[in-house]
C-alpha cells in the first residue's frame with residue numbers, strides 16, 4: 001500500500017496550520033516552512049504526479065495583523081481573521097511556487113458547495129481545469145462565509161471530500177505528529193500504529209482535540225482518513241517534517257488502507273457531503289432490508305415522514321428507534337408520500353408504484369467500519 005501511495009498519479013496533500021506558522025506563538029505564516037513543503041511538492045510533481053494542496057492557516061495567518069494573541073472563538077472575529085489571513089497565506093504560497101515557475105489558484109469551498117451536487121461538480125471542474133492549465137490548486141474552507149454547524153469542521157474532512165471530488169489516487173495528511181499512536185505520543189508507553197486496515201485496528205486508540213493554532217486534532221484526522229478510505233483512496237498520515245520521505249517513498253507515518261467495497265461516487269456524496277431536506281422513519285423489516293444492501297425502499301416499510309421535502313432531494317433514513325441508518329434520494333415529495341405510508345406497492349395507483357428510494361440512490365452506513 002505504501003508503494004501505491006508513493007507512485008500515485010494524483011495526490012491531495014493537506015497541511016495543517018501548525019505546519020505553516022512560526023514556532024513563536026503560531027501567529028504568522030512562516031515562509032521557510034512553506035518553502036520546505038513546496039520543495040517536496042515540486043519533487044513529487046517532477047516525478048510525474050499531479051498535486052492538489054489543501055491548506056489550513058488563514059485564521060492563524062490573520063492573527064498577527066489583527067493584534068490577536070490567541071485563536072479567536074467568536075465567529076465574526078474568526079471570519080475577520082480568515083479574511084485578512086487568506087491574503088497573506090496565498091501570497092506566501094504564490095511566492096514559493098513561483099520559484100519553480102508554477103502559478104497557484106485559490107479555491108475556497110464551503111460545506112454548502114459540497115452539499116449541493118451541481119456546486120460540487122462545478123468545484124470539481126474548476127480544480128480539473130486549473131490542473132490542465134498547469135496551475136496548482138490551493139484549497140481552503142471559506143471561513144469568511146461558513147457558519148457554525150454548517151461547515152466542514154476542519155480541513156481534514158475537507159481534504160477527504162476534495163480527494164473524492166478529484167478522484168485522487170492518494171491523500172497525504174500532514175500535521176505536527178509522526179502518525180497515529182494509541183495514546184498521547186508524549187506518553188513513553190504510547191504505541192505507534194503503522195497500518196490501519198479496518199475499525200479493529202483503532203480499538204483502544206485515544207485521539208485528542210485540536211491545539212492552540214488549528215482546529216483539527218488527531219480524532220479529526222482519523223475520521224477524515226477513514227472517510228477517504230470509504231471512497232477507495234489510501235491515506236498516509238504523518239508529520240510535515242516528514243514531507244520529503246512521505247512523498248518520495250511513503251515509508252513513514254500511518255497508512256489507512258482503502259475499502260475494497262468502495263462506494264460509488266453518488267453514494268459517497270449522499271452519505272458524507274450532501275445536504276438533507278428531511279427524514280423518513282422505517283419499521284424493523286424495512287430497516288433490515290436497507291442495511292443489508294441492494295434493496296429499494298418501498299412505502300410499505302415507512303412509518304413516519306419528518307419535514308418538508310421535494311422529489312429528488314436527499315433525506316435521512318431512520319430506523320425504528322430514530323437512529324440514522326442511511327440517506328437516499330426520494331422519488332416523491334413529502335406531501336405525496338404521507339398517504340402512501342404502510343401501503344403495499346400493488347395497493348397504490350400506477351403512477352405511485354415506483355420505490356420511494358431506489359436501491360441505486362440509497363446509501364447506508366452499515367458497512368462503514
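Placement of Cβ uses the backbone N, Cα and C atoms for every residue, glycine included.
Binding of substrate is attributed by Swiss-Prot to 143, 155, and the same site annotation extends, among 49, 55, 56, to 56. Look at the domain 'PUA' (277-351): DSSP puts its residues at 24 helix, 22 strand, 29 coil. Here the Cα atom of residue 143 (substrate binding site) is found 18 Å from that of residue 220 (ATP binding site).
The distance from the Cα of residue 176 (ATP binding site) to the Cα of residue 56 (substrate binding site) comes to 13 Å.
In the three-state DSSP scheme, residue 14 (ATP binding site) falls into the strand class. Restricting the binding-site residues 14, 218, 220 to those with a CA within 10 Å of the CA of residue 56 (substrate binding site) leaves 14, listed by sequence position.
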